[in-house]
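Colleague: Supplied in structure tokens, the structure appears directly below.
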Amino acid sequence: MKTVFLTGIHTDAGKTVASAIICKALKADYWKPIQSGYPEDSDTRTVKTLVGETEIAFHPESYTLKAPLSPHTAADQEGIRIDLNKVVRPRANRLLIEGAGGLLVPLNEKDTIVNLLKPEDRVILVSRHYLGSINHTLLSVALLNNLGFKPGIIFVGNPNPSTEDAILSLGDCEHIGRIEETDQVDANFVAAQSVLLQKKLEEWLEE
């Protein structure tokens, strides 16, 4: 079993589209263990629509929370405490896990997204350029390094060589590739991007 844990440098970095592309490229099952803003927001539904693969399983969430807020706050509003003992990973040959927000998003009074990681996971960090993104990306990389992970990094959007060169030279991470900027995210876009990233993703996963 090979597990890819996908996280981002902030909430709108592009994790869900990246998840769809990676699932398509690796023929990996998809699992979003904790979903806020449900049912209006469902990353599982979005990925399933974008991937369109009958051979890929889309595993049910451990927690679905109504408020579109940080999981700990959304859970509090429903009188729920997120218990990591109830967040049980599905079994799959290849599994992609999409986190909620960034690495230090709280789940309860003591756990954050990083507590969902296991030592054998391969971690992908999604980064998008904006003022401050170098700092946010390098902080995420440093945290993962301190936990024993060397993340793969995927940049989303148009190239920004100055930003990307700084991240790749200062951070202990591996550049996997780029997801292009588009105004039309659909199954065709996901399929095309998956072809471009497939070889590098396969090589990275098998390292």
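Keep in mind that glycine also has a Cβ here, set from the backbone N, Cα and C atoms.
Got these off TrEMBL a minute ago, pasting:
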ACT_SITE  LYS32  active site
BINDING   ASP12, ALA13, GLY14, LYS15, THR16, VAL17, ASP43, GLU98, GLY99, ALA100, GLY101, GLY157, ASN158, GLU180  ATP binding site
BINDING   THR16, ASP43, GLU98  Mg(2+) binding site
BINDING   SER36  substrate binding site
Colleague: Measure from the CA atom of LYS32 (active site) to the CA atom of THR16 (ATP binding site) and give the result in Å, rounded to a whole number.
Modeller: 10
Colleague: Quick one: Cα separation, ASP12 (ATP binding site) versus the residue listed as 'active site', in Å?
Modeller: 16
Colleague: DSSP three-state call for ASP12 (ATP binding site): helix, strand or coil?
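Modeller: ASP12 (ATP binding site) sits in coil per DSSP, no helix or strand.
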Colleague: Check the DSSP secondary structure of SER36 (substrate binding site), expressed as helix, strand or coil.
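Modeller: SER36 (substrate binding site) sits in coil per DSSP, no helix or strand.
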Colleague: Other Cβ atoms within 10 Å is the metric here; tell me which of the binding-site residues ASP12, GLY14, ASP43, GLU98, GLY99 scores highest.
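Modeller: Its Cβ has the most other Cβ atoms within 10 Å: GLU98.
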Colleague: Over all pairs in ASP12, ALA13, GLY14, LYS15, THR16, VAL17, ASP43, GLU98, GLY99, ALA100, GLY101, GLY157, ASN158, GLU180, the listed ATP binding residues, work out the largest Cα-Cα distance in Å.
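Modeller: The ATP-binding residues span at most 24 Å between Cα atoms.
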